Amino acid sequence: MTEKKSRPDNSDSVSPLIPAARSIAWSAVIAGTLAVLLDGFDSAAMSFLIPTLAHQWGVAPQYFTVPLTLTNIGAVLGFLACGRLSARVGQRTVLIGGTAWFGLATVLTALVLPTQLRILLDVTRFLTGLGLGAVLPAAIGLAVARSGEERRHGVSAGVALGIIAGGAVGGMVGGPLIRTVGATGVFWVVGLLPLVLAAVIAAVFPAVGAERAAATADADAREEHRRQAEVGRMLERGLRVRTLLLWLFSFAVFIAVYALMYWIPTLLLAFGFTPEQAPKGTAVFGLGGVVGGALMVPVVARTGIRRALVVAPVIGGVGAVAAASAHVPAAVTLLLVAGAGVGVTACQVGQLVAAVAFYPAGTRTTAVAWTSAAGRIGSIVGPAVGGILLGLGLSGQDVLRLAVVPLAVAFVAAVGLAVVSVRDARAGRGHGDAGGAGDAGDAGRTAAAGAVTP
């Protein structure tokens, strides 16, 4: 049964004194979602610009594999740093700083793009990735901490959807932006927006009093927060197998997500799309993702997180294979790409919901960060493998079919998580919500006060 008693929520790493709220802190949710949306917009921009840049620079699309890969290497480092930074300076500060950082780095990308020197593009995209990686876990951690324990699953899923929505928005406006302001202008737009947002958040979203008090807390209290932010707690007995399976699931899912997200505009050229039409692939993939992510919350409420994680990669795999194999009009191809987006994004959101559910409050920001970091390692592999496959001469259809391989790995990991959840629930070794996550006989299937209890 969902606990109603208000209690300290240490997931807001700057202060253990903030009690769990019973209502959603909409200011924190909106601020985090907007930052994450611009994160997704920035990530999508590079992907839908590749066909145009390849034409302008006179190179093959796979020439841009390195900046894509370096963006995600930077993001992994940003994810890994987020938990410790949040413990030291607070999630609000990390959110503002990360948003401003990736905005400034994207402006630098706009400045160096006319030189057509890839080494400069490599550097600026790596710097961009550092900020992108810090934003998502900080946004989720802050929104969850200020909204309270009872709301954490719905809030975490809602904020995470921002990154998918950002990709969809990027795909929808990408074609018109390219025609209006060109590739360089797109990076100016994508870079200036987060700078404005960071300033707005800093001005209108002040730290709460307990957070300001925490900044002057004694050294022992700060040390306790740093200890709670350590990833070692996620590998303690009783959580170790679950953690490793969740990391494997996230890793495999992100291989598929980022291979598709970054290369779909290029792959669609093989289906007869023009460079200006190619961003539609990013748009429909993202829109399908919004649908899949939005459905994840009620599905988890009804069936539990473990069942949802098992089904989602199957949906994504079927959509990808159908898009690659069917000889249909362009509109139907886009619809099938959207279907792939439904499945893989449900996986992406589901692994964040699972990370929030499986761990105690004091380690939640770090849990989200490290689970996402495992995924971001997959996001390095996915675009790199996609570029290599295209360089080897594989068709867009073949690359789409091969997206099934990491999704099959994710399916196996999800089945393993389901088995572990049932075993731990029967043995009474649950941790928070994790022990009964998705168990058919568990009362955690109910949704109380809008919460999603796996």
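Each residue, glycine too, has its Cβ placed from N, Cα and C.
Record features, source TrEMBL:
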COMPBIAS  443-454  compositional bias 'Low complexity'
DOMAIN    28-426  domain 'Major facilitator superfamily (MFS) profile'
REGION    429-454  region 'Disordered'
TRANSMEM  20-41  transmembrane segment
TRANSMEM  61-82  transmembrane segment
TRANSMEM  94-114  transmembrane segment
TRANSMEM  126-145  transmembrane segment
TRANSMEM  157-179  transmembrane segment
TRANSMEM  185-205  transmembrane segment
TRANSMEM  244-264  transmembrane segment
TRANSMEM  284-301  transmembrane segment
TRANSMEM  308-328  transmembrane segment
TRANSMEM  334-361  transmembrane segment
TRANSMEM  373-394  transmembrane segment
TRANSMEM  400-420  transmembrane segment
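By number of Cβ pairs under 8 Å, the transmembrane segment (157-179) is matched best by 334-361 from the list 61-82, 244-264, 308-328, 334-361, 400-420. Same-chain neighbours of the transmembrane segment (308-328): 249, 253, 256, 260, 288, 292, 296, 299-300, 336-344, 346-347, 350-351, 354, 396-398, 400-401, 403-404, 407-408, 410-411, 414-415, 417-418, 438, counting only residues six or more beyond its ends whose CB sits under 8 Å from a CB of the stretch. Using a cut-off of 8 Å between Cβ atoms, the transmembrane segment (400-420) and the transmembrane segment (126-145) share fewer than three residue pairs, counting only pairs 6 or more apart in sequence. For the transmembrane segment (244-264), same-chain residues at least 6 beyond its ends with a Cβ under 8 Å from one of its own Cβ atoms are 43-44, 46-47, 50, 61, 68, 72, 167, 278, 281-282, 285-286, 309, 313, 316, 320, 337, 340-341, 344-345, 347-348, 351, 354-355, 358, 370-372, 374-379, 381-383, 385-387, 390, 399-400, 403, 406-407, 409-410, 413-414, 416-417, 420. Note on the transmembrane segment (126-145): residues 9, 11-13, 18, 25, 28-29, 31-33, 35-36, 39, 42-43, 70-83, 85-86, 91-92, 94-95, 97-106, 108-109, 151-152, 155-156, 159-160, 162-163, 352, 356, 364-365, 368-369, 372-373, 376 of its chain, located 6 or more positions outside it, place their CB under 8 angstroms from a CB of the stretch. In terms of C-beta pairs under 8 Å, the stretch of 61-82, 94-114, 185-205, 334-361 lying closest in packing to the transmembrane segment (284-301) is 334-361. Remote same-chain partners of the transmembrane segment (61-82), defined as residues 6 or more beyond its termini with a Cβ less than 8 Å from a stretch Cβ, comprise 43, 46-47, 50-51, 53-54, 94, 98, 118, 121-122, 125-138, 258, 262-263, 266, 269, 365, 369-370, 372-373, 376-377, 379-380, 383-384, 386-388, 390-391.
Across the domain 'Major facilitator superfamily (MFS) profile' (28-426), mean pLDDT in this model comes to 84.
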